[in-house]
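What Swiss-Prot says about this protein:
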| type | residues | note |
| --- | --- | --- |
| COMPBIAS | 231-241 | compositional bias 'Basic and acidic residues' |
| DOMAIN | 35-134 | domain 'Cytochrome b5 heme-binding' |
| REGION | 220-249 | region 'Disordered' |
| SIGNAL | 1-22 | signal peptide |
Amino acid sequence: MLRICGLGVVLSLAVAAVAVMAVWLMDWWGPRPGIRLFLPEELARYRGGPGDPGLYLALLGRVYDVSSGRRHYEPGAHYSGFAGRDASRAFVTGDYSEAGLVDDINGLSSSEILTLHNWLSFYEKNYVFVGRLVGRFYRKDGLPTSELTQVEAMVTKGMEANEQEQREKQKFPPCNSEWSSAKGSRLWCSQKSGGVHRDWIGVPRKLYKPGAKEPHCVCVRTTGPPSDQQDNPRHSNHGDLDNPNLEEYTGCPPLATTCSFPL
């Protein structure tokens, strides 16, 4: 019962996180009266140099005063290229050239967009929000453009994917592994393997995921009902061993918690 409740708590927290983030997105990107709007040429004056009015940068169209982190963004500093502009793409690509320091995020994946959103959370927490940048993400009236609406949808999609990944990790925690030139490789399961604390150990199995080139080792519960049939009283008491996406390791006993493969 503790195991089932624990998984339920994890999933409930994940769902709650998505709901809370939806509220944050509305607050960040929705209408806000009296907000300051910057034109690109105006923001370009805020590079932190002598005589400049300040040190600002923009991310996904939101402008932040980064004066408190001046040593990172002032002229000559490592991240000086971000100052006075929206260089959203470079937060993901790491391309700090003039060609890379742009706000064009076309072609980025949902996970990369989610990384941008995580950066946005960082700036929201550590720096002062001062306005919005008119252009790719905000219109002249300060409201989101269709491109920013697409970003919001991708953030939601990325969060849902993370939620699914967390659910999968609770069901099939990654194995512990080690390799040495003297002993070869070893895979094993414990109650903490994969960073997932639980009341069962499990046995190593290959898990094949759709689209993945290679399987990876996961720990599989060997008793009780399948994870997707917790309320079925007529289960075979094999845990998740009968999952069709799993395969035993050749040369390893089916119920061994450790599989060793000498050289």
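Placement of Cβ uses the backbone N, Cα and C atoms for every residue, glycine included.
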What parts of the chain pack near the compositional bias 'Basic and acidic residues' (231-241), using Cβ distances under 8 Å and only residues at least 6 beyond its ends?
171-172, 200, 202-203, 205, 220-225
Residues of the region 'Disordered' (220-249) by DSSP state, where helix covers H, G and I:
3 helix, 3 strand, 24 coil
Count the residues of the domain 'Cytochrome b5 heme-binding' (35-134) that DSSP assigns to helix (H, G, I), to strand (E, B) and to coil, and report the three numbers in that order.
37 helix, 20 strand, 43 coil
Could you tell me the mean pLDDT the prediction assigns to the domain 'Cytochrome b5 heme-binding' (35-134)?
96
